[in-house]
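Participant: This is the structure, below, for whatever I ask next.
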Amino acid sequence: MPDALPPCSILILAGGRGQRMGGRDKGLVDWQGEPLIAHVHRAVRPLSDDLVISCNRNQAAYQAYADRLVGDAEADFPGPLAGVIAGLRVARHAWVVVLACDAPLVDRELIEGLLRLAVAGNSAAMVRQGGFWQPMFSVLPKRVLPVLEQAWAAGERSLQKALLREAVQGLECAESDRRLSNFNSPERLQD
């Protein structure tokens, strides 16, 4: 396989309720003096000319970190699957990196590893950590959009279950891999 990676879109999911954060918008919560979204943005910006953020509130604050914003088609924070569907609909490239807004330690090496794996297998790639899938660290071919839309129409709301309807390559990561840390509670922000 050639070293050159194909162009990809980046989709950052920031559309949740933030229940474990007391209802605060996780992407805009400060960590080390900056919003969590700023840390993720810094890691991914050099990798794509198409950075999409899925958010359902605070659009003005997120606009500074994205080329485009999308919201869920349904109200009331329907979950990450809805955000992925919305993002895939507008993505400009055939490959889409999916990340959460509350993973400030993600790095280029992890993203490029996922992208290489996806391209080599011509299928989705997702992190596996400690035997568990981590769908918020994945690369999807845009062509899975109809599969995800069908899953949604059939009542599926789990991003992981919807993605596993198709072939998925697993990128094994250690349980202690800090790059996969989700800062989704006030306690985690103390790390």
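From the backbone N, Cα and C atoms, a Cβ is placed for every residue, glycine too.
So Swiss-Prot has the following annotated:
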BINDING   Leu13, Ala14, Gly15, Lys26, Asp72, Asp102  GTP binding site
BINDING   Asp102  Mg(2+) binding site
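Each of these features: where is it, how hidden is it, and who are its neighbours?
Facilitator: Non-local contacts of Leu13 (GTP binding site) by the CB criterion (under 8 A, 6+ apart in sequence, same chain) comprise Ser54, Pro80, Gly83, Val84, Gly87, Val98, Leu99, Ala100, Cys101, Met136.
According to its DSSP assignment, Asp102 (GTP binding site) is coil. Take the CB of Asp102 (GTP binding site) and look out to 10 A: across all protein chains shown you find 28 other CB atoms.
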Participant: Around the Cβ of Lys26 (GTP binding site), how many other Cβ atoms lie within 10 Å? Please give the count over every shown protein chain.
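Facilitator: A 10 Å sphere around the Cβ of Lys26 (GTP binding site) contains 25 other Cβ atoms.
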Participant: If H, G and I count as helix, E and B as strand, and all else as coil, what does DSSP give for Lys26 (GTP binding site)?
Facilitator: helix
Participant: With every protein chain in view, how many other Cβ atoms are within 10 Å of the Cβ of Asp72 (GTP binding site)?
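Facilitator: So the number of other Cβ atoms within 10 Å of Asp72 (GTP binding site) is 19.
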